[in-house]
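Engineer: Got a structure for you, questions after.
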Amino acid sequence: MPPPGKVPRKENLGLQCEWGSCSFVCSAMEEFCEHVTQHLQQHLQGSGEEEEEEEDLLEEEFSCLWRECGFCSPDNSADLIRHVYFHCYHTKLKQWGLQALQSQADLSPCILDFQSRNLIPDIPDHFLCLWEHCENSFDNPEWFYRHVEAHSQCCEYQVVGKDNNVVLCGWKGCTCTFKDRFKLREHLRSHTQEKVVACPTCGGMFANNTKFLDHIRRQSSLDQQHFQCSHCSKRFATERLLRDHMRNHVNHYKCPLCDMTCPLPSSLRNHMRFRHSEARPFKCDCCDYSCKNLIDLRKHLDTHSKEPAYSCDFENCTFSARSLYSIKSHYRKVHEGDSEPRYRCHVCDKCFTRGNNLTVHLRKKHQFKWPSGHPRFRYKEHEDGYMRLQLVRYESVELTQQLLRQPQEGSGLGASLNESSLQDIILETVPGEPGPQEEAEEEGGGGEGIALPASQGTSSPIIHVVNQTNAQGEREVVYYVLFEAPGEPPPASEPPSGGVMGELQGAAEEPEVQMV
């Protein structure tokens, strides 16, 4: 099939065929795909001519011969065709990844398993274009992505408002607009899931070069990881990787049915499924057991196994069990004293080998309560290697604003606000904080703070959110530091005319909001 759409920019690529023992190399995707098509035709036709049993014929006919792959389609040849053409596309992405890596003299190659470099995702269906009035389908992802790019390049500008020319996304159900066709082209990748680069070593695919290079930098040796998270002590090679990581410590989402807050939409979905839904879609075929996720079902299926699925890994111990619960119970009863205690109470310094035991101790001995909306305690590793109770929780300014706005809007969640963590808002200023290489520790804050950029003697506005429910059921303080954007004047030390809500609104619009 000839490649539709516009020919991509010329690249000095070394596209090497890895079908069986083939050593063909070329630099153009058109020639490369045409060559691989010949392999496919010979493979499918040749297998059909062999006089073998039907079962052996099917197994041979739909097996991929690409090196380090091992894919076999039990259904039909169309799955194999899409799969092999994806190898062509993947080969190009790995070449672009090699070029990107060679342009970074300070980076070493990926150190992950080389044998996974040709493992690609399952392609169950045709690549279908959902641009309005189109719906063309493709077996080759290279032609599909070129076709979608052609839509973006042919899209006409439209006048919206006064002197505003924009291009509209024509993808089914999308209403986004963009200032130019280049931005539209980038946006379309969110619809097609197109990747633009792959790791030449492990084969991982990425949406842009930045994410690919981050993949390499995360493998840096410890002596090159100079940026440390003050909340969990993980280290990173660049400040941007540290900032990306820190966002996972900040809660941006609140459950509409309780006070639980969490950092990710996936965390909220899991919480809703486990805490507020009675649905148990995962059912055992051997008995009446049902559960809420696949992991629990797999654990249960182990109990139906004739052979023990778990064995004790302590030296000279031959205990085995069919369930994870039984093996954990064995560890607790027999070997708990053999392990070094890693969990330490921050109140009385008593040590425990398991987090469960520390949880029971905190609740019974010190009358600690779980944070409102949360079903358990979280423990954090400290510099001495012990895991202690995490006393600090970070809530985003946007979430704070949402919670404050709910009673004013008459929301049904207003009642939950009275029981939530937010109880009082105070706006004040503090002097400049230490630079990014230093750690700022809040006195009386119950935990470490995140390193902050120097403010050069100016005051930065801080919003103190007084939480009603910390681990002990007492008030704790969450600190929000709002930074001005580079090149903009520093924020005023007095509250704006809009009061606290005005400051919160401004914070939500700031390009960078960091927490301490």
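We number each residue from 1, going along the chain as drawn.
For all residues, glycine too, the Cβ spot is worked out from N, Cα and C.
Keep in mind that what you see is a predicted model, and the values were worked out from it rather than measured.
The annotation zinc finger is assigned in Swiss-Prot to 15-39, 127-151, 167-191, 197-219, 227-249, 253-276, 282-304, 310-335, 343-366 on the grounds of sequence analysis. The region 'Interaction with NPAT' feature in Swiss-Prot is assigned to 371-516; the stated evidence is similarity to another entry. The region 'Disordered' feature in Swiss-Prot is assigned to 429-456, 486-516. Summarising the annotation, Swiss-Prot assigns compositional bias 'Acidic residues' to 436-445.
Help me picture these features in the structure, burial and contacts included.
Structural biologist: Note on the zinc finger (15-39): residues 3, 8, 65-68, 84-85, 87-88, 91-92, 95, 118, 140, 142 of its chain, located 6 or more positions outside it, place their CB under 8 angstroms from a CB of the stretch.
Residue counts for the zinc finger (127-151) by DSSP state, with H, G and I taken as helix and E and B as strand, are 11 helix, 5 strand, 9 coil.
Across the zinc finger (167-191), DSSP assigns 11 helix, 5 strand, 9 coil.
For the zinc finger (197-219), the predicted model reports an average pLDDT of 89.
Away from its own ends, the zinc finger (282-304) comes close to residues 273-274, 310, 322-325 of its chain (Cβ-Cβ under 8 Å, at least six residues beyond either end).
Counting residues 6+ beyond its ends, the zinc finger (310-335) has Cβ neighbours under 8 Å at 299, 302-303, 354 in the same chain.
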Engineer: Select the range from 167-191, 197-219, 253-276 that forms the most Cβ-Cβ pairs under 8 Å with the zinc finger (127-151).
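Structural biologist: Between the candidates 167-191, 197-219, 253-276, the best contact partner of the zinc finger (127-151) is 167-191.
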Engineer: Go ahead and report the DSSP secondary structure tallies for the zinc finger (15-39): helix first, then strand, then coil.
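Structural biologist: Taking the zinc finger (15-39) as a whole: 11 helix, 5 strand, 9 coil.
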Engineer: Who are the long-range neighbours of the zinc finger (197-219) in its own chain, taking Cβ under 8 Å and residues 6 or more past its ends?
Structural biologist: 90, 93-98, 100-101, 104, 107-114, 116-120, 189, 236-238, 241, 244
Engineer: Run through the zinc finger (310-335) and tell me, per DSSP, how many residues are helix, strand and coil.
Structural biologist: 12 helix, 4 strand, 10 coil
Engineer: So how many of the residues in the zinc finger (227-249) end up helix, strand or coil by DSSP?
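Structural biologist: Going through the zinc finger (227-249) residue by residue, I get 11 helix, 4 strand, 8 coil.
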